[in-house]
C-alpha cells in the first residue's frame, strides 16, 4: 500500500468494522440527495402545493440535526453503537420502501423525519467510531468515510432520473401551460426555503401519473446490504442476543500475540477493561453537564467552539451553494439556459466526491491542519474570483468545480485536527457534527431570504462573507491550539484535558 506498514496492519485488523462504517455512510449519502429531483413527483403523489411539499425538506433536515445531537447517546458501548447503526440503516431502507405509499404530505413529512433521525445517528456514530479505532491515524479513514457519503449523494439522483416525469404528473386542464415550467421548477427546488416557489401555479387535482415509486424501491434494495453488513459485524462480535454467551475481539489471538509488545500488555488490558463512558465523545447533552467542565481550561471550550464555527460556515456554504447556484445562474446578468444551468449542482457535487477521493492519499502525506488551511483559503479565493468574473459563464463553471474541490475534505480534516488537539477527549465529534448540521440549515434559510430581498448577486457576496468568517474562525482555532495545555503525566484523571490512553495495537475495542 502507499501508506506505511503500521497503518496498513491496523487497517487489516479493523477491516470489517471500517468497511461497515463506510457502507453505512453510503446509506447517509443515498438518503440525503434524492429528495430534490423527486420532489415534484412526490408533490403529485401527495396532491399538495409546492409550498406544502417543500416543507418535507425542513422536516428531514431538522430531524437530521436532532439525530446528530442524540447520536452520542448510543456510543457508550460498542453494542449500543452497532445496534443504533443497524436500526438506522434498516430504517433508511424501510423509508425508501414506504415513501411510494405516502399519499398525504403530512405522512410523507413524518416518514422523512424518521429518515432524518436515522441519518443524524449515522453521521455522529460513524465518525466517532472511526476516530476511536484509529485516533492519530484517523484522518485518512475519515476522508474515505466522507467519500462514501458523496458517492451515495451522486448515485441516488442518477437512479431517480429515468423515473421522473417529463411533463406535469397531475393531468388537468392547466397541465399544458404548467408543463413548460416543469424543468425550471425542478432545478429551482431549494431545500429549507419553502417560500421561493410560491409564484408557480401547478394543478393540485386530477389524475396522478408518476413512476417515481420504482426509483425508491430500487434504492431500498440497493441500501439493503448495509444493515445486513452491520448485522454481520454484530454477529462476529457476539452481540446478537442468541449468540451473546461468549465474546472475542475482532483481533485474533495469534495476531494479538504478534502485534502486542510485552511492555504494552498491562496498558492494553487496562484500556480494554475501562468502560467506554469514561472517555470523551459523549452526546451533546452529556457534554453540557457541569461535571465534565471541572479542571478544564478556557482553551478547552474555545477549541470546541471555534472548530464548530468553522464547520458551521463551510457546511453552510455547501448547502447554500448547491441549493442556489442554479437560481443564480438563470437570472441576470448571466441568464444561463435552464438545461445548461442544471448541470451546475451536479458539477459541484461531482467535484466534492472527486475531491474526497483525492484527499484519501493526500491526507496520509499532509497534516489535517494544513489541509483545512488550504481548504478555507481556497474557498475564500474562489468566491473572490467569482465576484470579479461575475459576468463570465465559463468561470462560473470553473469556480463551481474549484469550490467543490476545496470544500470536499474540510469536514473530515477539521474533525481529525480538532480531535488531535483535544487528545481524543471532550466532545469534539458531537459538537462539530451538530455545528455543521446547524450551519447547513440556517445559512440556506438566511441566503434564501437575502436573495429574495436583495437580488441574485447577493448569493456570491454571502458566500464571500461566509468564507471570510470560516478563515477567521480557523485563525482563532490555530491560536487556541498554541495556547492549549500540552498533556502531562500528573494531570488529574478526571480532567477533560487529560489525553486518552492510546491503544498502539489498534485493537477494535468493546
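Placement of Cβ uses the backbone N, Cα and C atoms for every residue, glycine included.
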Would you please say which range out of 268-290, 429-451 has the annotation transmembrane segment in TrEMBL?
429-451
If I go by TrEMBL, the feature transmembrane segment sits on one of 241-264, 457-480. Which?
457-480
Given the cut-off of 8 Å on Cβ pairs that are 6 or more apart in sequence, determine whether the transmembrane segment (105-126) and the transmembrane segment (298-318) share at least 3 such pairs.
no
Can the transmembrane segment (457-480) be said to touch the transmembrane segment (395-417) if we require at least 3 CB pairs below 8 Å and skip pairs under 6 apart in sequence?
no
Same-chain Cβ contacts of the transmembrane segment (370-389) under 8 Å, 6 or more residues past its ends?
139, 310, 314, 317, 359, 362-363, 395-396, 399, 402-403, 405-407, 409-410, 413-414, 417, 460-461, 463-464, 467-468, 470-471, 474
